[in-house]
Amino acid sequence: MIRRQKNKKFELVSKFQPAGDQEQAIKKLTDGFEQGEKAQILEGATGTGKTFTMANVIAKLNKPTLVISHNKTLVGQLYGEFKEFFPKNAVDYFVSYYDYYQPEAYVPQSDTYIEKDSSINDEIDQLRHKTTSDLMSRNDVIVVASVSCIYGLGDPREYAASVVSISGGQEISRDVLLRDLVNIQYDRNDIDFQRGRFRVRGDVVEIFPAGYSDHAFRVEFFGDEIDRIVEVNSLTGEVIGEREQVSIFPATHFVTNEQIMQRALASIKDEMNIQVKKFEGEGKLLEAQRIKQRTTYDMEMMSEVGYTNGIENYSRHMEGRKAGQPPHTLLDFFPDDFLILIDESHATMPELKAMYNGDSARKQTLIDYGFRLPSALDNRPLKLEEFEKHVNQIMYVSATPGDYELNQTDHKVEQIIRPTGLLDPEIEVRPIKGQIDDLVGEINKRIDRNERVFVTTLTKKMAEDLTDYLKDLGIKVRYLHSDIKTLERLEIIRDLRLGKFDVLIGINLLREGIDVPEVSLVAILDADKEGFLRSTRPLVQTIGRAARNSNGKVIMYADSITDSMREAIDATERRRSLQMKFNKEHGITPKTIVKPIRDVISITKDSDEKENKESFADLNFDELTKKQKQTMIKTLTAQMQEAAKKLDFEEAANLRDAIMDLQKQVHEKKK
């Protein structure tokens, strides 16, 4: 069993001091929580330093903190910022580890069963393991998470009870340690040493913990006693330092043992028999035969190898929960007295609320047609009311708080003044006729000043067509769409800041928290098309993207001014007048935010090294002209031949694949 260290304190490191109206916001929020307020709202205009205010509140309250945001791009951005603010504390990243996920489903209309299919990102899985191990072992932890934190994660009590703790001088035989490691799902592999594995060389056992990316532990035995434990680089074997004691956390969050498995199998069999009788009684013989066959197969797999595809659907039985009882989630890994910060709460809270309903509808169809047992419904995200029961103290952070937050509390703190003196952007409404030509002219002005541009459209088709049109004009442009993978999204934002391209076009991905100070123009096409993406809150958020640059300007292309546009414009002008008044009183000249460009997610790669070592894999072939592609094919062919000479066949194969991809594109253009 492991004990959580409770004496660690958060240490905020920043060259900045609270400025503008940050100081009063920090004081009001901290005082409110210390006086017992359960919920508070920080209504902060874009660019006023809400993240810095959040960091100060965390440091002053000194409680384990969960920061939830509604999309992975923002989670990555916040994670990078909090790591800089708290370099001596544990800052963790927790999002869904699927790069690709096709949930199991059944479509009755066409009698189509869709098998679950997924692709797991190993780096994110490692970061998730680091999160839970940090929460179990220390109190100075900040976890930055997406809404996946309300999905099932296994029982934290079983997880903690399964931790293997070893120390120098401990009497334990090598074979007992190996058996303990196997029990917590570590694999022995003496050749391919990876996370969640161990290897044995005589009296030396090397363990690669699931939550580490490049460090392992070497345990040296003398007879039946641990002689020494050293931390080593998992790749080179270089000794990093000696350790008196280490805790090895399970390689899976869903810890089980023989006793739990046998109890679960008996419970699953009972439920299967009840469901078979129910279907037979209703005359649904196909469904009865289907559920019996599928469940029996799963039970045999679980009995023989301890696992089956879709084992998460039996989580209620594995954890011994009652029907309808909520699953264990990341929130259960926190101590009772913890703090929750909801970033961009107007978007995050509706998403938290929607998770359960969407999951439930899909699973009910699988149950009705005999593909899953009714207990599959209990492998689910938390309902909103279940999430609320976990809340000790919570702070909602947004430039435009939603109705839910406003109904939860009347303790609202406003933060309008930016430390840099920056004003809310000027807003201009221009007619739709000739909007593209007008936009091109505005883009070229920004390119001449080495500034960046955001363009938000209403449809995917328009975004794609506009991207192609601007490319043909020689403008460096990218289109940020929903199919782009998590870490690639962050790279695109980073490349925009670095100036690898000048214009980013999107639909709904540009609104909340995409923090690019270099952006001086935000163009909103079809601003008068009233609807979800052109209502007041989204418009205010979109306007805010230009508020981090002293030349910030927003152009709305519209033939009329809707109520939503009027509200957004009025709110912006109100803040702008307050900011101008503050600047005048204090003699402040607005200046663009200077923000370092960093490799947002990776905790293992050096961002500068990545910057210098440009790889062909980072290139977007779609942006190249036909002539550039042909030149690139020649260059890559030479590199491939060079790699083959050096016997670096993996690099040669990667280059070959890139060449084939380019040749295919050139060939298609000829057609």
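Every residue gets a Cβ built from N, Cα and C, even glycine.
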Problem - Matching range for Swiss-Prot feature annotation, motif 'Beta-hairpin', among 97-120, 361-384, 481-504 - result: 97-120
Practice task
For the recorded ATP site formed by Gly44, Ala45, Thr46, Gly47, Thr48, Gly49, Lys50, Thr51, name the remaining residues of the chain with Cβ within 8 Å of the site's Cβ center, in chain order.
Solution key: Thr53, Ala399, Gln415, Arg418
Exercise for the section: Using DSSP with the three-state reduction, classify Thr48 (ATP binding site) as helix, strand or coil. Expected result: coil
Handout entry: Set of same-chain residues at least 6 away whose C-beta sits under 8 angstroms from Gly44 (ATP binding site)
Key = Ala25, Lys50, Thr53, Val397, Ser398, Ala399, Glu414, Gln415, Ile416
Problem - Under 8 Å by Cβ from Ala45 (ATP binding site), counting only residues of that chain that are 6 or more apart - result: Ala399, Gln415, Ile416, Arg418, Asp424, Gly544, Ala547, Arg575
Practice task
Please work out the number of neighbouring Cβ atoms within 10 Å of the Cβ of Thr46 (ATP binding site), leaving out its own Cβ.
Solution key: 26
Problem - Averaged pLDDT, computed only over the residues in the domain 'Helicase ATP-binding' (31-188) - result: 91
